[in-house]
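Colleague: Before I ask anything, let me first share the structure, which is written out below as structure tokens.
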């Protein structure tokens, strides 16, 4: 019983708590039914003919959803409004429960709560960054955009940089679009002007004078460049100009020589190449004048060897035989040995030579020595029949079968031994070193030809077979007076250019008479060690039909005569006078010599070389680097040289290529016309 009594008391306490709460949350029966009852409105006479009004319909009075529809006149807005409207009613008409007020956004009164429901601008439907204002409308809203924005909600940025009415936003260089605006900027190397639209170039060279170091600073729009002379490249790390090694880039066809600021291409002229007009590739040196180089194996050339005997024959004949030699002889040379004969023991000898253009005979036997020079001058370039015959008591010399000399003698020229006459005959030279044994010294070298020889009355026995198969022992058929350079060798002279009577110290006056057969080659050069301090050369002109006469000091051109027609059947004269103070180049064909602007400095280089030992070369340069001078091809053609008033005789040279003809030059080949 006590237990039940306790439980009853607890139940009564719970009911006591529930009853007040229920009274708070639930309306009375009368009040609750009022929501569903439409009160009588004012103006009921015209109510159905007037458009709904939110204030009148739903604030001053309570409205149902149909009446709310009359206010908004569209379903979407009505559907949006009415649930929120009921929330406001629950907050402000029914009671003041705190949670209900929170759900109505804590509006101060019912009117504010209901008014806010239909405001299309609350919450703001516009883009917060782009809108300026929002205007509420019935079932609509209008967003007013800030400058630089567009769209119904101001959600799109206006790209002023692409406005066709204001190209590039009015910026002179870069237009940068930003949300709702834009701004102008400048490229690197430019600065913005106060108008914020135009850019001005910055002169980096003036702002930073040392920006290029030792190079030259050049301002350009928006930037600067560090310039170097041709042949140099700017090195940013050292801020200096470094030489460009063009040769590492295979610029030249044959030899490339790099030097500070440039490079030069060279071709091996000694192999018949010259530098082409592009100054990089090589091409063959063409013949500009054809010479008659035809030879005859029956003509023995006496100057095949610069030093030494051309042909050696030995005869062993009966002791009754006497010496005799008969031959046709042609030369323009004035001095030299035709033949030398001797006994086996060298005790007796006979020399037949030419001195001053006349026949000279020297001999020695066991009884006497004799020398005789006489007769007509026969170095006239035509064939002359010469005979030397030993008689009983004399030696007879005939030219064209006419006796010109008769030399008395005692005994035989050569003494027989054991019933035989042994005789050795040498053509165009002396055996061993017997010059000292001669009665009168003579230059043995002789540029001449013999044919139809009959020695010791044995005809051409032995000699014909020797020379027949050797081209270098054959003579040209047609020659003229002059010196011939075949384009394959040089001649060297030792010349003293110092002039003690001249205040200039040294002088070189050169006169050349030339008839070139190729348009490129070195005519005269001075060589000192591995350098060429002076060279007088021919170079084919750019036209291809004429030649340039060029003077070089080492690798520099100091004088040039352009476009001279030298490849003709007539010889041309050329003069070059030079000393330490000046240079003069002259030819009657042209007067307009081009001299280097740096002539005096280049002459100083030559002057320094002339104070040392220099060797003079004709027809080319020796075997030194063919980069020592721009032209290294051998000269080809006829040429006679006079230096300081002395006519150079190639027979007097220190050395001479065997194919150089000292006193004869092939004639110009005649072109036969077909009729």
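Just so you know, glycine gets a Cβ as well, placed from its N, Cα and C.
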Colleague: Among the residue ranges 30-58, 59-87, 88-116, 117-145, I'd like the one that Swiss-Prot describes as region 'Thrombin-sensitive'.
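Modeller: Checked against Swiss-Prot: region 'Thrombin-sensitive' maps to 88-116.
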Colleague: Cα-Cα, whole number of Å: residue 77 (4-carboxyglutamate) versus residue 70 (4-carboxyglutamate)?
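Modeller: Cα-Cα, rounded: 11 Å.
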Colleague: Can you tell me the mean pLDDT for the domain 'Laminin G-like 2' (484-665)?
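Modeller: So the average pLDDT across the domain 'Laminin G-like 2' (484-665) works out to 92.
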Colleague: List every residue in the same chain as residue 57 (4-carboxyglutamate), at least 6 positions away in sequence, whose Cβ is under 8 Å from its Cβ.
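Modeller: Result: 63, 67, 68, 70, 71.
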Colleague: Can you grab the distance from residue 60 (4-carboxyglutamate) over to residue 73 (4-carboxyglutamate)? Cα atoms, rounded to a whole Å.
Modeller: 19
Colleague: In whole Å, how far does the CA atom of residue 55 (4-carboxyglutamate) lie from that of residue 61 (4-carboxyglutamate)?
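Modeller: Pair distance, Cα basis, whole Å: 8 Å.
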Colleague: Between residue 61 (4-carboxyglutamate) and residue 73 (4-carboxyglutamate), find the distance joining the two CA atoms and give it rounded to the nearest Å.
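Modeller: About 18 Å separate the Cα atoms of these two residues.
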Colleague: Quick check: in three-state DSSP terms, what is residue 136 ((3R)-3-hydroxyaspartate)?
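Modeller: For residue 136 ((3R)-3-hydroxyaspartate) - judged by DSSP and reduced to three states - the answer is strand.
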Colleague: Pick from 77, 136: which of these modified residues has the biggest number of other Cβ atoms within 10 Å of its Cβ?
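Modeller: When each Cβ's neighbours within 10 Å are tallied, 77 leads.
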